[in-house]
Amino acid sequence: MKPHRLCMTHHLVLSYGLYKKMEIYRPHKAYPVELAQFHSADYVEFLHRISPNTQPLFADELARYNLGEDCPVFENLFEFCQIYAGGTIDAARRLNHQLCDIAINWAGGLHHAKKSAASGFCYINDLVLGILELLKYHARVLYIDIDVHHGDGVEEAFYFTDRVMTVSFHKYGDMFFPGTGDVKDIGEREGKYYAINVPLKDGIDDANFTRLFKTIISKVVETYLPSVIVLQCGADSLAGDRLGCFNLSIEGHSECVKFVKKFNLPLLVTGGGGYTKENVARCWTVETGVLLDAELPNEIPENDYIKYFAPDYTLKIPNGSMENLNSKSYLSTIKVQVLESLRCIQHAPGVQMQEVPPDFYIPDFDEDEQNPDERVDQHTHDKQIQRDDEYYDGDNDNDHNMDEGP
């Protein structure tokens with residue numbers, strides 16, 4: 001399963017030659033038991049079972065798990081979930097074992113999924129699964145979300161703990177989906193003050209967004225002292241997005257990524273929303289360049305999707321022309337409330353060291369009972385590391401068999 005915008009991103013990253021500066025890995029397909037580290041077993045099992053053909057037989061279950069409407073059932077739905085979730089889990093494991101400093105999964109970032117329900121085209125919450133993996137090795141994880149929609153599923157999962165601080169910058173009000181993320185929502189019990197919401201109005205521009213972002217994130221890192229950061233880079237906060245309502249240019253959006261990178265902490269970066277697909281591909285390609293300290297020419301190189309970038313064939317997009325409804329006094333009030341909440345944290349929370357749980361759950365099977373012709377399938381091969389010398393620029397490019405974005 002390769003959604004179009006991920007194909008476009010993948011080919012744009014390839015056309016700029018950025019893959020030469022990265023190690024490329026195929027994710028393992030997450031096992032149901034791995035998905036059930038956060039999600040309820042019955043929900044995972046239902047996702048595994050449901051298909052477009054059987055959908056009419058399960059009206060009650062579809063309603064219970066919120067499937068249909070904005071979370072449609074489609075062919076190979078469960079495999080799609082396994083692949084993008086496996087990418088984020090594997091990214092977290094590589095960071096845990098210090099095999100990389102920055103790990104990117106543009107296919108991940110599906111931040112709305114709940115423990116026992118789909119939401120907002122998010123079925124499995126790969127971000128929560130990745131953070132749970134990071135918590136095996138890190139006392140404090142900072143989660144930052146710059147999608148135009150509130151990162152409700154991630155916030156909800158960690159609302160009662162101080163081990164994860166969630167910070168979401170999003171549109172709030174006017175019945176905008178998902179309807180949560182008020183500045184007053186700050187966490188509860190041990191998690192009180194460890195959920196930070198920055199609710200914004202229509203039309204926020206680069207200057208106001210990046211100023212607020214840098215002020216708040218600087219104070220968060222200084223106060224919370226995380227040892228790893230997860231950054232969700234939903235591109236629906238860009239100007240001109242079909243479902244968004246912000247005025248950000250790609251420069252403004254990527255400036256946030258550049259700022260977070262400067263903390264020099266282990267960093268897991270994911271995609272998220274984004275519904276003007278050519279701008280999503282532009283944005284995540286620029287941000288791949290930012291993470292690699294690579295300057296990219298504005299003229300887009302020839303690639304399989306070049307026609308989608310007509311008529312200008314350029315990488316950067318300008319700010320939108322939407323009116324900015326975020327007054328200086330409103331933004332100042334939000335900033336003061338967030339910083340006041342941070343002042344209530346006396347010190348960064350500690351955690352008692354325990355035995356680290358194992359990384360992998362590999363189901364047992366008897367090799368002798370397997371059909372030798374089926375013993376090694378494509379995805380078993382795909383679990384192997386994609387070495388630099390296995391990648392080609394020309395006709396031998398094996399991208400056509402890849403299931404993962406860059």
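Each Cβ is built from the backbone N, Cα and C atoms, and glycine gets one as well.
Just so you know, TrEMBL annotations never went through curation; they're auto-generated.
What TrEMBL annotates here:
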DOMAIN    1-289  domain 'Histone deacetylase'
BINDING   ASP70, GLY120, TYR275  substrate binding site
ACT_SITE  HIS112  active site, proton acceptor
BINDING   ASP147, HIS149, ASP236  divalent metal cation binding site
REGION    355-406  region 'Disordered'
COMPBIAS  372-389  compositional bias 'Basic and acidic residues'
COMPBIAS  397-406  compositional bias 'Basic and acidic residues'
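Feature map: TrEMBL annotations on the structure.
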residue : record                             : Cβ contacts under 8 Å, 6 or more apart
ASP70   : substrate binding site             : SER119, GLY120, PHE121
HIS112  : active site, proton acceptor       : SER119, GLY120, PHE121, CYS122, ASN125, HIS149, GLY151, ASP152, GLY153, PRO178
ASP147  : divalent metal cation binding site : GLY109, HIS111, SER168, HIS170, GLN232, CYS233, GLY234, ASP236, SER237, GLY272, GLY273
TYR275  : substrate binding site             : ASP236, ASP241, ARG242, LEU243, GLY244
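Residues PHE121, PHE177, LEU243, GLY273 surround the recorded substrate site, their Cβ atoms falling within 8 Å of the Cβ centroid of ASP70, GLY120, TYR275, which are themselves excluded.
Report note: the divalent metal cation site is defined by ASP147, HIS149, ASP236, and the residues of the same chain whose CB lies within 8 Å of the CB centroid of those residues, excluding them, are VAL148, HIS170, GLY234, SER237, LEU243, GLY244, GLY272, GLY273, GLY274. Around the Cβ of GLY120 (substrate binding site), a 10 Å sphere holds 21 further Cβ atoms from the protein chains shown. ASP236 (divalent metal cation binding site) is surrounded by 23 other CB atoms, counting those within 10 A of its CB over all protein chains shown. The substrate site in the record is lined by ASP70, GLY120, TYR275, and its two most distant CA atoms lie 13 Å apart.
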